[in-house]
Amino acid sequence: MVAHGVNTPPPANDCVLDYANVAWVLLCTSLTLNMILGLAFFHAGQLRAKNTQAVIIKKFGAVPVLCLLWIMIGYSLCFGRTTGLFGNFEHLMLSGVSHVKCDPWQNSIPGALHALFQMMVAALAPLLVSGAYAERVKWKGFLSFTLLWEMLVYYPVLHNVWGGGWLYHMKVVDYAGGVVINTTAGVAALVTALYVGPRKDFHKYNGDFPPSNLPLAASGAGMIWVGWMGLIGGPGFSANEITVMAIVNSQIACYSSASTWLLLTVVGAVLRKQETMSLSIVPVINGAVAGLAGVTPCCAYISMQCSLGLGVVFGILSYSSASLLQYRYHVDDALDVFCVHGVTGMAGTIILGLFADKSLNPALEHSGLFVHYSIDAWRFLGLQVMAVVLVAAYSAAVTLLLFVLINRILQGGIRFTPQEEAIGLDRLEHHGAYHGLQRSVCIDEISMKVERGLPAMVEGMVEKYVDEAAERLLKLASQMQGPGSENKMKTVRWGGARRASMTPLDAAGAELPLQHANLEQAVLVKYMQLSQGLEVAEGATSMRCVLIFKLHHLT
């Protein structure tokens with residue numbers, strides 16, 4: 001990371017430890033780690049409950065492995081003396097990195113603290129990529145790809161932008177990760193989503209899979225939101241006015257982008273002539289993250305008024321690109337990583353060449369083209385564009401190569417089959433699903449069986465709720481059947497547990513078909529409304545059946 005745009009390490013004799021700066025960078029390091037862990041909840045809450053544990057373990061499990069990799073070779077390959085694409089091996093296992101003496105790159109904090117902060121940042125990028133191919137890739141494929149991508153994409157890009165490589169000496173400016181983090185991870189996310197392919201039933205839901213737990217997602221987003229202050233506040237490695245400017249600008253862009261997403265969501269609902277306005281927390285948290293990602297490379301070089309306008313730009317770019325990829329091109333980027341992080345990060349890096357203001361940060365060599373028109377400003381803009389294009393192309397090529405090789409080498413490939421996806425990754429790889437965070441209906445099982453013209457089954461309510469559920473479903477059946485016959489609900493014993501059939505019965509006990517044009521949608525919506533407060537398991541093989549609702553498909 002470049003401290004205020006300075007592109008040369010300070011002379012060794014300028015080393016004076018500043019303990020206020022030390023305390024500040026320690027705080028920023030803690031905030032950045034908290035952001036990484038919040039990413040697990042942010043992703044898990046937006047995905048389906050049958051994959052909750054799989055999503056969380058991929059984040060929490062990868063962090064210590066990535067950190068060990070950084071300690072063993074990462075810091076040296078990134079900040080050792082350049083040998084071309086990588087640094088040399090002088091700092092293997094952090095040899096020569098002191099917790100007492102100044103770091104050669106930052107003249108007011110110990111070298112060990114610099115390495116620790118950069119380690120937190122290094123763990124973030126590959127975990128962002130995993131959000132694009134979530135719910136489809138096996139654990140062994142995920143871990144293999146994550147470690148190789150970290151070494152072959154993130155390390156060389158970091159070295160060349162921040163650690164003394166080619167782009168570093170070309171004076172490319174990236175304050176906190178627009179190129180190093182967001183461009184590399186965003187482009188890799190798009191490539192992996194295209195290679196792995198869409199999830200089962202992607203077209204059925206038009207990509208809008210129902211989130212499992214919005215409070216969990218919002219909690220994770222809050223951790224990211226707060227943690228991003230550490231990611232933005234740490235790169236200067238100083239508690240000074242430039243750091244204040246960077247954090248303030250990042251928050252302004254965040255609020256502006258979140259408001260833009262919310263407004264675009266409302267406008268979209270109006271244009272689609274929806275009868276009821278149904279707002280979700282998802283646009284707000286995605287918009288907030290998009291604003292933070294976009295302003296990351298330029299927040300220490302622009303005015304507050306500029307950051308306000310750029311937040312709107314980042315919101316529009318991320319929202320429109322996400323809609324285009326999902327609805328027009330049917331790309332299943334599960335968590336919109338390319339649009340929320342990649343598109344905005346690349347845009348923010350290029351915009352730096354337009355709106356950077358040398359009067360706000362004297363460490364800049366040149367102002368942007370729209371601030372001070374000159375040949376040097378054109379050169380500055382060209383360098384920023386070149387950096388984005390080269391890094392994006394490099395990340396895309398290496399990511400594709402890694403996925404192809406891993407898919408061929410691993411027995412059984414890198415992806416689960418559609419049938420395995422329907423069961424859920426928690427059951428397949430993590431010894432059982434976790435259902436404590438949500439109340440859900442087995443929509444995937446229903447969809448699969450309804451498509452085959454078979455009775456759809458939803459199971460999992462605890463036995464003490466059987467009588468209450470049967471009464472509610474009797475009312476539901478009566479509403480859907482309409483007047484004219486008396487619908488009854490029968491409850492029988494099966495396998496040591498009660499069984500309630502939702503099929504309406506006439507006076508003689510014969511089953512009556514449920515007459516409805518869209519049985520699956522109507523019954524599920526009404527059932528979910530009626531069953532608030534009742535725990536419902538998610539998979540058809542999740543637990544011993546204690547209550548079954550039989551829904552007949554109209555053929």
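Backbone N, Cα and C define each Cβ position, glycine as well.
The transmembrane segment annotation in TrEMBL covers 22-42 (among others).
According to TrEMBL, the domain 'Ammonium transporter AmtB-like' annotation covers 23-431.
According to TrEMBL, the feature transmembrane segment maps to 63-89 (among others).
Per TrEMBL, transmembrane segment is recorded for 109-129 (among others).
According to TrEMBL, the feature transmembrane segment maps to 141-163 (among others).
According to TrEMBL, the transmembrane segment annotation covers 175-196 (among others).
Beyond the ends of the transmembrane segment (216-238), by six or more residues, the same chain brings 1-4, 18, 21, 24-25, 27-46, 106, 108-109, 114, 117, 121, 124, 175-177, 246-247, 250-251, 254, 281-282, 285, 288-289, 292, 296, 299-300, 437 to within a C-beta distance below 8 angstroms of the stretch. Annotation source TrEMBL lists transmembrane segment at 216-238 (among others).
Per TrEMBL, transmembrane segment is recorded for 250-271 (among others).
Long-range Cβ contacts of the transmembrane segment (283-303) within its own chain (Cβ-Cβ under 8 Å, at least 6 residues beyond either end) map to 4-5, 42, 173-179, 181-182, 217-218, 221, 224-225, 228, 231-232, 235-236, 242-243, 245-247, 249-250, 253-262, 264-265, 310-311, 313-315, 317-319, 322, 336, 339-341, 344-345, 347-349, 351-352, 355-357, 360-361, 364. Annotated transmembrane segment per TrEMBL: 283-303 (among others), in sequence order.
Counting only same-chain residues 6+ beyond the ends of the transmembrane segment (309-327), those with a CB under 8 A from a CB of the stretch are 206-208, 252-261, 264, 283, 286-287, 290-291, 293-295, 298, 302, 333, 336, 338-340, 343-344, 347-348, 351, 355. The transmembrane segment annotation in TrEMBL covers 309-327 (among others).
Annotation source TrEMBL lists transmembrane segment at 334-356 (among others). Counting residues 6+ beyond its ends, the transmembrane segment (334-356) has Cβ neighbours under 8 Å at 43, 46-47, 128-129, 131-135, 173-174, 177-179, 181-183, 185-187, 189-190, 193, 199, 209, 286, 289-291, 293-298, 301-302, 306, 310, 313-314, 317-319, 321-322, 325-326, 364, 366-371, 377, 380-385, 387-388, 392 in the same chain.
Same-chain neighbours of the transmembrane segment (381-406): 129, 141, 144-145, 148-149, 152-153, 156-157, 161, 167, 170-174, 179, 183-185, 187-188, 190-192, 195-196, 346, 349-350, 352-354, 368-369, 414, counting only residues six or more beyond its ends whose CB sits under 8 Å from a CB of the stretch. Look at TrEMBL and you will find 381-406 (among others) tagged as transmembrane segment.
Highest Cβ contact count with the transmembrane segment (22-42) among the listed stretches 109-129, 141-163, 175-196, 250-271 falls to 109-129 (criterion: pairs under 8 Å).
On the 0 to 100 pLDDT scale, the domain 'Ammonium transporter AmtB-like' (23-431) averages 93 in this prediction. In terms of C-beta pairs under 8 Å, the stretch of 63-89, 109-129, 250-271 lying closest in packing to the transmembrane segment (141-163) is 63-89.
Sequence-distant contacts of the transmembrane segment (250-271), counting only residues of its own chain at least 6 positions beyond either end whose CB sits under 8 Å from a CB of the stretch, comprise 225, 228-229, 232, 277-280, 283-288, 290-292, 294-296, 299, 304, 307-312, 314-316, 318-319.
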